[in-house]
Structures are given as structure tokens and as C-alpha cells.
Amino acid sequence: MEKYVVVLAAGKGTRMKSKLYKVLHKVCGKTMVEHVVDAASGVEPTEIVTVVGTGAGDVEKVLADKSKFVFQEKQLGTGDAVMTAKEVLGDKDGATLVVTGDTPLFTTDTFNELFKYHTEKGNAATVLTAEAPNPFGYGRIIRDEQGNVLRIVEQKDGNPEELKVKEINTGVFCFDNKKLFEALKHVDNNNAQGEYYLTDVLEILRNSGENVGAYKMPDFSESLGVNDRIALAQATKIMQRRINEEHMRNGVSFIDPDTAYIDADVKIGNDTVIEGNVVIKGNTEIGSECYITSGSRIIDSKIGNNVTVTSSTIEKSEMEDNTDIGPNSHLRPKALIKKGAHIGNFVEVKKAEIGENTKVGHLTYVGDATLGKDINIGCGTIFSNYDGVKKFHTNVGDHAFIGAGSTLIAPINVADHAFIAADSTITKDVDKYDMAIARGRQVNKPDYWHKLPLSKNED
């Protein structure tokens, strides 16, 4: 049986009160519509068609080649939205999954179970349902005495008895594809909203003698639709818990999983420990046996094995095996910390390579530089890389020693085994084995204290 997917993503989302198209709001680092399409892709459909509206260009840019697109000119309801997919799917044999783009919590497993149930029962239509603790706002599933689905009643159209029902429509359906598009021809907008409801297809099919069923999924939380910022936060919290639990099942320890925010695409190796109040975002990869302490923030970076990150920020950078950083240090984009290197406290590294076993202990800025191996960078060293117009590069060779308080003014080359005396301002290249001293000589003036204004305070 061929499988198809229609994703409804044309809604404006006015309740979000945002310039951003609703389905493009992110949950754990991925847009809602990406979550939906990725979950649907797991059922291996022949085609995914996304229905877009006013934000079509933005949605198409995000999904790219994951989907085909059809345009709904006016938002006239879910039935009208699905009908726009007829140009792509109308003549296909198979089963079609219909899902909204603002439900990021659905899983591939749930979609697979729905397809399986739909096929085994030989249904023309199957609605995915759930038992809601508070069903207000949801469409209710109305069944006959034998438990067969009669229809779905929307909140604004239901009578008091119907609104007592707690089994709700999740907004996900599986249809016989050809029967779906044939039934859509008979849907009208005779309802409180004046819209064409996709749910009316169920009653049309049933009245035609077709089998209409419902598969009740066990986890109601998957069905959460995001219509405002409150629901967005709720979805993020649920997704965060799901992501963290998956990492824990794979051998990662979380000291306080409720306060560790990990994006959906992050990869973490086993025996790594994540403390509370940690943020790891984007396409970050973290190896095995690492320790990430509270207050750390890692974005789009690659962390090797046995790395310790202590209350530091790492952005679009790489730390190789057996390195450490922090506390309170910052790797800005394009920093590379090679094996065994040490980045101490209050160090900023930007667009620089720190060689193997090199130590940058504290209170240092390293920008636009290449440092070799086994170098010691003293406290308070500044790599001065900017003249107000252009940025320049500094090279420091293997086994060099940079004394505390030094400033290296680029462009400059410090050779292997060179020695920079403390508090020097270096403006010229330093050759191999040489020591550079560039500071004013100390002058002691005997008995000068008594000439200072301070001495008068002693009288």
C-alpha cells in the first residue's frame, strides 16, 4: 500500500501575536512544521505535500526538498486546505495521513500505529483520538451504541450532551486517498464558522456505507496543538523531557533533567554527565565521558571525549579530546582547542587554534591566532588583532612562553621556543630561542614619598 502525507500549514496563527509564521516557531531548536514532517517521514511515505498560505516562502525555505507544496489562497477551513492537495494526490491509490503543522509532539510510532490500524480494519477513514482531561476547545468524537464513529462535533457547534464527551479529535486522520477527495466534493460550510471542515468527510463516508473508525492513542500529550505562547512553552517542556529521557536511556546522566535544555538534533555520548541549568543547542555533538557543569551554554559546536566544560559558553567551535574550559570562559565562532589543551577562567578565544597541551590559564583574549603545542600563555595576555580597520593574524610556535600581562600586536610571528618577558608589548617577530623584552625600565627614586601629596595626610 502506498502512503501519502498532507501537512496543513496555512494558518496565520494570530494568537501567537508574532511576525513569524505560526508553524515556524521553534520547539527545542526545530520549527514545529519540521517536527511534524520529520515524524511523518518516518513512515516512509511516497509523497509529503504541505499546504501553505501567506507565509509560503518561509515554510518552503525551511522544509526545502522534504516536501512538495500547494498554496491555499484563502483560509476557508481544513477541508478546503486538504482539497488544494488534489492536484498532487487526487488520482493516487493508497492511504493518506492528514496532520496539522502546529502539532510538534506526534511521533513516527504513533503515525505507524494509525496506518496499521487503518489498514487492518479496512477503513475508508480513521481518526486519531485521545482522552482529554479537559476537552474544551477540541472537536468531540461522537459514537453510536456499538462504539462506531458517527461524526466529530466542534466546540462551537456541539450541544450540551455532546460537549460532555472527553474523547477528542487530535486533528490527525488516515483516509483512503481517492475516497477522501471524492467526499471532499460534498463538504459544505453550513456551520458556525462558515468553514469547510475536514471532519465532515467522516459523516459523508459513513452515510455512503464506508467504514469509519477511530484509533485512540495512549498518550494525550502528543496531541497538543500550539496556538499561543502558553502552548508553545508547554510543548517545549514536553519535548525537552522526551529528549532528555532518550539521552538517559542511551547512557547520559542528568543531575537535574528538568533544568537541562537540550535541542532535538544534539548528539551526546555515553557516560557524559550534564548538570542542571545547562543549555545545549543546534547541531552540537558531545563525546563520551564529558562533564558539563551548570551555567554552561554550547551552541553548534563539537566536543570530543573526556572534556570538561565549567560554566562557560561555546559557540560554533570545537574542543578535541581531553581538553577543559572554564569557569566563565567564552569560545566564540571558529575556535579550535586541540587535544590536551587547557582554557582556564575568564578567557575569550575567537577564530583561533590552540595547539595540543597548550595552556591559556586566565584573563586572556586570543583572537585571530594560531598557537602551537606545549605553549604557556601567562595571565592577562592580549592578542591585539584589530587596528580599527582590518584584523590581523598572530602565530605562536611550539614550546613558546608568553609572560603575564603581555600584548602581542598583530601581524606578528613568535617562533618555536621563543620567550616573551612579562608585561611586554610585542610589535616585531621573535625568532627561535630568543627572549623579547619590551617595557619601560624601572626607576626607583629615593625618599620620593615625602614629595607626594599623600605624605601630607600623615601629619
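Including glycine, each Cβ sits where the backbone N, Cα and C put it.
Copied over from Swiss-Prot, here are the features:
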type: REGION; residues: 1-229; note: region 'Pyrophosphorylase'
type: BINDING; residues: 8-11, LYS22, GLN72, 77-78, GLY139, GLU154, ASN169, ASN227, ARG332, LYS350, TYR365, ASN376; note: UDP-N-acetyl-alpha-D-glucosamine binding site
type: BINDING; residues: ASP102, ASN227; note: Mg(2+) binding site
type: REGION; residues: 230-250; note: region 'Linker'
type: REGION; residues: 251-459; note: region 'N-acetyltransferase'
type: ACT_SITE; residues: HIS362; note: active site, proton acceptor
type: BINDING; residues: ASN385, TYR386, ALA422, ARG439; note: acetyl-CoA binding site
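Structure coloured by features recorded in Swiss-Prot.
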residue: ALA10; record: UDP-N-acetyl-alpha-D-glucosamine binding site; contacts (Cβ under 8 Å, 6+ apart): VAL51, VAL52, GLY53, THR54, GLN72, GLN75, ALA81
residue: LYS22; record: UDP-N-acetyl-alpha-D-glucosamine binding site; contacts (Cβ under 8 Å, 6+ apart): GLY11, LYS12, GLY13, MET16, MET32, GLY101, ASP102, VAL226, ASN227
residue: GLY139; record: UDP-N-acetyl-alpha-D-glucosamine binding site; contacts (Cβ under 8 Å, 6+ apart): ILE152, VAL153, GLU154, GLN155, ILE168, ASN169, GLY171, THR199
residue: ARG332; record: UDP-N-acetyl-alpha-D-glucosamine binding site; contacts (Cβ under 8 Å, 6+ apart): GLU315, LYS316, SER317, GLU348, VAL349, LYS350, LYS351
residue: HIS362; record: active site, proton acceptor; contacts (Cβ under 8 Å, 6+ apart): GLY344, ASN345, PHE346, VAL347, CYS379, GLY380
residue: ALA422; record: acetyl-CoA binding site; contacts (Cβ under 8 Å, 6+ apart): GLY378, GLY403, ALA404, GLY405, SER406
residue: ARG439; record: acetyl-CoA binding site; contacts (Cβ under 8 Å, 6+ apart): ALA421, ASP423, SER424, THR425
Over the region 'Pyrophosphorylase' (1-229), what does the predicted model average in pLDDT? 94
DSSP, reduced to three states, assigns LYS22 (UDP-N-acetyl-alpha-D-glucosamine binding site) to helix
Who sits close to GLY77 (UDP-N-acetyl-alpha-D-glucosamine binding site): which same-chain residues at least 6 apart have their Cβ under 8 Å from its Cβ? ASN189, GLN193, GLU195, TYR196, TYR197, LEU198
Please work out the helix, strand and coil residue numbers for the region 'Linker' (230-250) from the DSSP assignment. 20 helix, 0 strand, 1 coil
Which value in Å gives the longest Cα to Cα span across the acetyl-CoA site residues ASN385, TYR386, ALA422, ARG439 as recorded? 22
Can you tell which of ASN169, ASN227 has the least company, meaning the fewest other C-beta atoms within 10 angstroms of its C-beta, among these binding-site residues? ASN227
Students should find that the Cα atoms of TYR386 (acetyl-CoA binding site) and TYR365 (UDP-N-acetyl-alpha-D-glucosamine binding site) sit apart, in Å rounded to an integer, by 12
Under 8 Å by Cβ from ASN385 (acetyl-CoA binding site), counting only residues of that chain that are 6 or more apart: GLY367, ASP368, ALA369, LYS391, PHE392, HIS393, THR394, ALA410
Here are the binding-site residues: TYR365, TYR386. Which has the lowest count of other Cβ atoms within 10 Å? TYR386
